[in-house]
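Copied from TrEMBL, the annotated features are:
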DOMAIN    B:14-266  domain 'Glycoside hydrolase family 65 N-terminal'
DOMAIN    B:323-675  domain 'Glycoside hydrolase family 65 central catalytic'
BINDING   B:W357, B:D358, B:K588, B:Q589  substrate binding site
ACT_SITE  B:E484  active site, proton donor
DOMAIN    B:685-745  domain 'Glycoside hydrolase family 65 C-terminal'
REGION    B:753-778  region 'Disordered'
COMPBIAS  B:753-764  compositional bias 'Pro residues'
COMPBIAS  B:766-778  compositional bias 'Basic and acidic residues'
Protein chains: 2
Amino acid sequence: MTGYDIGPWSLRWRGLSVPDLRRTESTFALSNGHIGMRGTLDEGEPRGLPGTYLNGFYEEHALPYGEAGYGYPEAGQTVVNVTDGKVIRLLVEDEPLDMRYGRALEHERELDFRTGTLRRRTVWESPTGRKVTVTSERLVSFTQRAVAAIHYVVEPEDDLQLVLQSDLLANEPIEERSGDPRVAAALDAPLVAEFRWAEGKRAVLAHRTRHSGLRLAAGMDHELEAGNGLRSHIHAEDDLVRFTAAADVPAGNALRLTKYLGYGWSTQRSVPALRAQVEAALAGARQTGWQGLLAEQKAFLDDFWEVADIEVDGDEELQQAMRFALFHILQAGARGETRAIPGKGLTGPGYDGHAFWDSEMFVLPVLTYTVPDAARDALRWRHSTVDKARDRAQVLGQHGAAFPWRSINGAECSAYWPAGTAAFHVSGGIAHAVAQYHAATGDEEFDRECGTELLVETARLWMSLGHHDKHGGFRIDGVTGPDEYSAIVDNNVYTNLIAQKNLREAAEACERNPATASALEVHPDERTAWLEAAMRMRVPFDALLGVHQQAEGFTAHAEWDFAGTDPGQYPLLLSKPYFDLYRKQVIKQADLVLAMHVRGDAFTAAEKAANFAYYEARTVRDSSLSAGTQSVLAAEVGALQLAYDYLAEAAFTDLHDLHDNVHNGLHMASLAGAWIGVVAGFGGMRDHSGLTFAPRLPPGLDRLAFRMSFQGIRFSVAITRGEATYRIVAGGPLRTAHHGEPVVVEPGAPVTLPIPEPPTPPEVHQPAHREPARRVPG
Amino acid sequence: MTGYDIGPWSLRWRGLSVPDLRRTESTFALSNGHIGMRGTLDEGEPRGLPGTYLNGFYEEHALPYGEAGYGYPEAGQTVVNVTDGKVIRLLVEDEPLDMRYGRALEHERELDFRTGTLRRRTVWESPTGRKVTVTSERLVSFTQRAVAAIHYVVEPEDDLQLVLQSDLLANEPIEERSGDPRVAAALDAPLVAEFRWAEGKRAVLAHRTRHSGLRLAAGMDHELEAGNGLRSHIHAEDDLVRFTAAADVPAGNALRLTKYLGYGWSTQRSVPALRAQVEAALAGARQTGWQGLLAEQKAFLDDFWEVADIEVDGDEELQQAMRFALFHILQAGARGETRAIPGKGLTGPGYDGHAFWDSEMFVLPVLTYTVPDAARDALRWRHSTVDKARDRAQVLGQHGAAFPWRSINGAECSAYWPAGTAAFHVSGGIAHAVAQYHAATGDEEFDRECGTELLVETARLWMSLGHHDKHGGFRIDGVTGPDEYSAIVDNNVYTNLIAQKNLREAAEACERNPATASALEVHPDERTAWLEAAMRMRVPFDALLGVHQQAEGFTAHAEWDFAGTDPGQYPLLLSKPYFDLYRKQVIKQADLVLAMHVRGDAFTAAEKAANFAYYEARTVRDSSLSAGTQSVLAAEVGALQLAYDYLAEAAFTDLHDLHDNVHNGLHMASLAGAWIGVVAGFGGMRDHSGLTFAPRLPPGLDRLAFRMSFQGIRFSVAITRGEATYRIVAGGPLRTAHHGEPVVVEPGAPVTLPIPEPPTPPEVHQPAHREPARRVPG
C-alpha cells in the first residue's frame, strides 16, 4: 500500500501518518514554476521538511577540495527555504490545533489536478473534547505568478472562541541536511532582515542572503469573515509577522480566512522596489479574489488537459500516476519564465535545488509538445546564461559555450569534474531541445533571438572538444556520457551523436538566420567544418559482438559480477568505489539506449535490438532517469510487457517512493520519463525529421490515449487493440506517419489505422535482482 | 648564480641573504632518516620556515569533499613541526645576536658531505660595536639514531659578558601554509603538553597530538666550557624549556657549549617510557661525547662514499651536485628503519610529509645498490602496512593489497582518486623494488619474511584489477599510470609491464619460499594463473605510427597545442584543467619512457628509439620525476648530449631551485634521478636478469666513475673516452656484462674494455619552450 487513494483526477491521503509527512509534503507540493510550497500542514507542525522556494533564489557557499585543481568551481549554490507564508495556526479555546494531540476524527488531504489546489479537511477533537471542522484549500497561482493564496475555514461544533494566527516566518529552523559544515553554516538562518512593515491585515518582510547578493520580499494580506466580536492584531519582527484574529464563533457558523501571499526577489532591485512589486501582486490577487483565483486556476488547467491529457484504460493506478506526473511537470515549468527548471522542480531541496541536463532531455520534450511556451521560457533561461557558459568554456580551454552540469544561476557548481564538468553532453542536450522546440513550433522569433546562438555556441564547443583523427574520423575524447558509472571516456556514442545533430542543426540555423549568424561571426567555412565533423563523427562499434560500444573500448572491459552483488548493495555508488564502477561493464542509466531513442535515426532496427539486449543485461537503473528511456526502446524492439514494466517504474518513482528519497522532492525527469514512455514508447512518437508515430498497445490495457501539440495543432492519438485513431482537437491538418506510412489528419475527420504486429523481441534479461517489477494492468 | 660555492665535498653559502633562507634551510637540512632538522640559523631568526621532523610523526585532519563518494579516504595526515631543539641564542652584553642587526663581518655556512655536519662561522659586530666570532657545528647522528648534537663556540674580541639561551620549544608559530582552514587548524599549535621536567642542564618535554594519537618526548643536555664565573639556570614551561648560561669571557678565550638532543615518539608508549628512552639516548650521546659523535659520523660516511661515490671529471658543479644528491638520499634513508621515506625526506613540510611511489621506483634503487640495508628497512615499512593495504583493496573491491598513493602511516590520504587511488602502479613499484632488492642482495630472510608476501599480495591485486578479454589478452582497465596528465586509462603500458613483472616475481618467490606461500594460501593454480596473465598481458602498440601507446587509444588523442602555449603557462596543471590535459597527447612526466627503462627487456632497440622520439615531443616535464628517466633513455638511444642535459636538470633541481619550491623541502626522487642518470644512463646499468652495463661517456667530460654494491661485492666503473674500467673495491668476483659481452671482474684485477660507438639517435625534439637547458661541462 502506498497510502494514496486511487482516483483519476486527484491524489488523496486519508488519516495522518507523521512518518509519511516528508514524502507527502513533496507529492502535495504546489508550484507554478516561479514559487513553490511544500505540502506542509497549515499549522506548520507536525512536519517533515518545511520548504518555500523561489525559483533562482539561492545562497552561495565555498566548495571544499582536499586537493584543488585549476578550473574547479569555487562556489556552490543551494536553494534557500525562504519566508514561509503558509502557516495558519488555530487555537480552539486556547488549545492549539496539533494533529499529534487530541483526536483527528476525520482527516484527509487531496491534490486536485483539475482545480490545481491542495484541499484539506480535518475534524478534530481537542484533548479537552472540543470539536472543530477545519477545511482549507491552497493554491499557487498559474495565472498570477507572484501569488499564492489559502482559504481557511473553521466550523466549531459548539460556541467556541477561535483564534487564528497567520504568519510570515523567515529563517525557519530546519534539521541540518548537509554533512558539510560549510554548507550547513550557509543555510543556518540564511536570511538577513532588511525591512519589515505591518498594518491592519497586511505586512511585508524583506530579507537578503549573506553571500549570493539576492534580495526577497514576502507580503501577505487577509480577508476575514466571522461571527461577532472579531478582534485582530498584527505584529512585526525582523523574521516574523503575525496576524492574529480572534472571534467567538457560534456552533453552525464558521470563521473564514483568505490569506493572500505575494513574493518578489531580485539580484538588482532595492527593498522599496521589491516591496512595491509584492504589494502590487497582493492588490491584484485581492482584486481577483479567492473565487476569481480558483476560476483562473481551473481555466488554466482545463486548457492544459485539453492538450496534454493521457488516458490509461485498464490500469487505474497508472492513470492516476500519469496525470500526477503531468500536473507536476506543468507546475515545475508553467511560469519558470527565464529561470531554470530544477531537477526537483520547486518541491524540495534535493540536489541543492540545481538544474541538470535532464531538464532539456526529459522535461522539455513534455513541455515542447504540450505547453511550448514553457519550453521556450526554459530555453530562454539557458540563453540568458550563455555568457557564463562562454566563460566556462574558456576556463576549460574550449571555444563556444560549455553549460554547467549543475547550477541555479548558470555557473558550474559541480565539485567532482569527472561526473560533472566532463559531461559535455549537457550542452548537446540544450542544442537538442532547441532544435526540437523549433521543429515542433516553428517559433522564428526564438530561433533568431536565442536558438541560433545556442546552437552555434554549442557547435563551437564540439569543434574544440573534438578533432579529426589520422583516419579522418572525428573523435570526442575524454568526456563523460549520461551513464554515471563511466567517466572520462573516448567517443561516447550518445555524446557523439548528440554532437553530430548539434553541428548539423547549427549549420541549418545559420542558413535560416543569416543576420544572427553574421552577428556571431559564423563564416561559411566554419559551417562547412561543422558539417564535415558531423559527417565523420566516430560511432564505435564492436564487430565481434555486433553491438555498438557505449564508448570506445567499453565492450572490452570486465563484466560486473552481478551474481556476487547483494541486492542490498544497490545503488552501487553507495557501496562500490567509482574507480571499480568506471572500468567495468556496469551501467547506471540508459546511455547508448538513450542515444537509440533521441538519435534513433542513426541505428538500424537490427542494431537497436542487439544493442538493447546487450545493454539491458548490464544496466542496473541506479538512477531514476533510466526506466522511461528503457521503456521506449523496449517498446520499439517489441518487448511490450517489459516496456510496460519500465513505464510503470518511471511513473511510480515518486508515488511509490522507489528510491526512498521523495522527501527531498519529486523526480521531475522520472515523471517526464513516464510521459516519454507513453508517447515515445507505446505511441512510438519520433521527431527525427517530421513527427511520426508507431503506436502499440501494451498487454492488458484496453486503451491508451495521449494528446499533444505540434506546430500549433492540438491532436490526440488513441491506441486500442489492433488499431490507432488520430484526431484533431484544434487547428490542423496534421501531417504525420503511422508505422512508416504517411498520414494526413484533417480537422473533424479522425483517421483510424491498423497496427502491424510488433517485431519479435530479442532475448532480453537484466542483471540479477535488477529486473523491473512486473506490472499487470488492472 | 645559485649562491653556493662550488666544491667537491661540501655545499657552502657565504654571506646572509634573508630571502634565500627558506631554500638554504632545505639544502642545509640534516637528517638520518629518523630525525630531520632544517638548516635554520642557531639563533632561530631570521628564518624561512622552521622545521624539526620525526619520521612518522603526523597530525590527522578531515579530508573535505564537495561531493563525497564511497571509499574516499576520510582522514588526511600532515607532518608536524615538533619540539625544536636547535635553538641557541646568544646575547652579547645584553644585545641579542641577530644577523639583521649590527654587521656580519664574516658569515658562512657549509654542509660537509664527509663529516656529515653543518658548520657555521660568523664574525658579528653588534650595533654597539662589540665583536664576537661564533662557530657552530651541528649533526644528526647516523650512528645514534635518536640523537642530534650542536657544538657552539663564541670567541669575543674583548672581555665581554656572554649569555647563551638554549631552548626546547614546542608549538613554534609558523606562517600558515595550507589554504584549507581545517588543515591549518590541525597544524596550529598541534602539540598538547603532557609532561615537563628540567634540572641542572637537562630537560625533557613530552607532548601528544590532538587527533592522530601520537606522543613524543624531546630531551636536551648540555656541556659547557667557559672562563670564570659561569652561572646557569634552567626553566620549564609546557611548551618551552630554556637553559641559560652566562659567563664573563675574556678576549682570546671562548665560551663552548655542546648541546645534545634526544627524541622519542610512539603511538603506544607512555610518557614515562618515552622519557626513559630519551634520557637513555642523551646518556649514550654524552658518553660518546661531541668528538666521539663526530668520529662516528665520519666513519659512517667514509664507508658510504667507499660504496657510493660518483666522480665527474670535467664538470665541477655537477660533481658537487652528485655528492649533494647522494648525501641527501643517504640522509633520507639511512636510519628510516621501518618508516617511510617521504617525497621530501625530512627536509621540509612539502607534500604534507607523505611518501609516494617514487620512494620505491627512484630512491630505493640508489639505496639498494649502495646501502642495501636502508632499502630493506624501507621495504619493511611497506610490509608493516600490508594490513592497511589489504583493507584498502577490499574497500576498492579488489583482492590482495592496494598500497596508498600518498601516506605517512600507510593509510591512503589522497583526496583526488583519479590521480591517487587509481594509480595502482604504486603497488607494482613496491613489488619491483622488492624483486630488485632481492636480486641485488640475495637476502633470503627478507625474501621469506616480507618480500614474498609483498609480491604475492600485489600479484593478487593485479589479478583482480585485470581480466582476460575475448581475444585472450589480459587487460588492466581504468587505472592511472605515472603520467599525471592522463588518468583512468586502459592498459597503461608502464602499469601492465610492471604488473607482468610483479606476477612473474610472485610466482618465483613462492617457489623459493614454499612455506611462506603456503601460509599465504597460494595454490599451484593461482601461480599458474599469474604466469598466464603475465604471458598474455596487453601492451598496446600503434601499428600505423610504429610506436607503443602510453595507454590504449593514447596516440589517437588530439595533440596539445604547444605552439599556442605560453612559457608562463607551465606547469600546465596550474593553468589548464585536468579535463583538457587528460584527453590530449601531453605528458607530465616519463611514463612509457620509464617503462622502457625499468622494463627495457620488453622493448627492442628500434622500438625504444621510435618511442623515445615520439614521447619526447609530447613530454613537458612539469614533474621533477621526469628528467632522470629521460636521461637514461636518451643515453640508451644514443642522444648523449641530451642525456647529459637531463642528468644536469635532475641533479640541479634543488640546487638551482628549478621548480621554485625547494623551500618546502628537497626532491628526493629527483636527486635519485641524478644517480639513475649517471648509473643507468651513462653507465647503462640494467638489472633485468643479472647486472649489466653499457657505459658511454657524455660529450665534454674527461671521466665519469661510479661505485656500487651488488650481492655484497663493492666495485667501481670508470668511464673514459673510448673505454671503461671495472674494478673490485671489496669482495668479488663480479659477473656482469659490458655492452652485451659477459665479463668477470676478479679482485685486484681491474678489467678495461673498449666502448663501442653509440647508435645513431633518432631525430628528437621537445615541445616548444620545454627543451632542457643545454649543459656544457666544464
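The backbone N, Cα and C atoms fix where each Cβ goes, glycine too.
Values in this document were obtained by computation on a predicted structure and should not be read as measured data.
Annotated features, which come from TrEMBL, shown on the structure.
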residue: B:W357; record: substrate binding site; Cβ within 10 Å: 25
residue: B:D358; record: substrate binding site; Cβ within 10 Å: 24
residue: B:E484; record: active site, proton donor; Cβ within 10 Å: 22
residue: B:K588; record: substrate binding site; Cβ within 10 Å: 21
residue: B:Q589; record: substrate binding site; Cβ within 10 Å: 23
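Per-residue confidence over the domain 'Glycoside hydrolase family 65 central catalytic' (B:323-675) averages out at a pLDDT of 97. On the backbone, the CA of B:K588 (substrate binding site) and the CA of B:E484 (active site, proton donor) stand 6 Å apart. Neighbours of the residue listed as 'active site, proton donor' among the binding-site residues B:W357, B:D358, B:Q589, defined as a Cα within 10 Å of its Cα, are B:Q589. Helix, strand and coil residue tallies for the compositional bias 'Basic and acidic residues' (B:766-778), in that order: 0 helix, 0 strand, 13 coil [DSSP]. Residues of the same chain lying 6 or more positions beyond the ends of the compositional bias 'Basic and acidic residues' (B:766-778) and with a Cβ under 8 Å from any Cβ of it are 314-315, 318, 560, 562-563, 565, 567, 570, 586, 616-621, 627, 641-642, 644-649, 698-701. According to its DSSP assignment, B:D358 (substrate binding site) is helical.
Whole-number maximum of the Cα to Cα distances across the substrate-binding residues B:W357, B:D358, B:K588, B:Q589: 16 angstrom.
Helix, strand and coil counts from DSSP across the domain 'Glycoside hydrolase family 65 C-terminal' (B:685-745) read 0 helix, 37 strand, 24 coil. Taken through DSSP, the compositional bias 'Pro residues' (B:753-764) splits into 0 helix, 2 strand, 10 coil. Taking the centroid of the Cβ atoms of B:W357, B:D358, B:K588, B:Q589 as the substrate site, the other same-chain residues with Cβ within 8 Å of it are B:F356, B:P482, B:D483, B:E484, B:A590, B:S623, B:L625, B:S626, B:A669.
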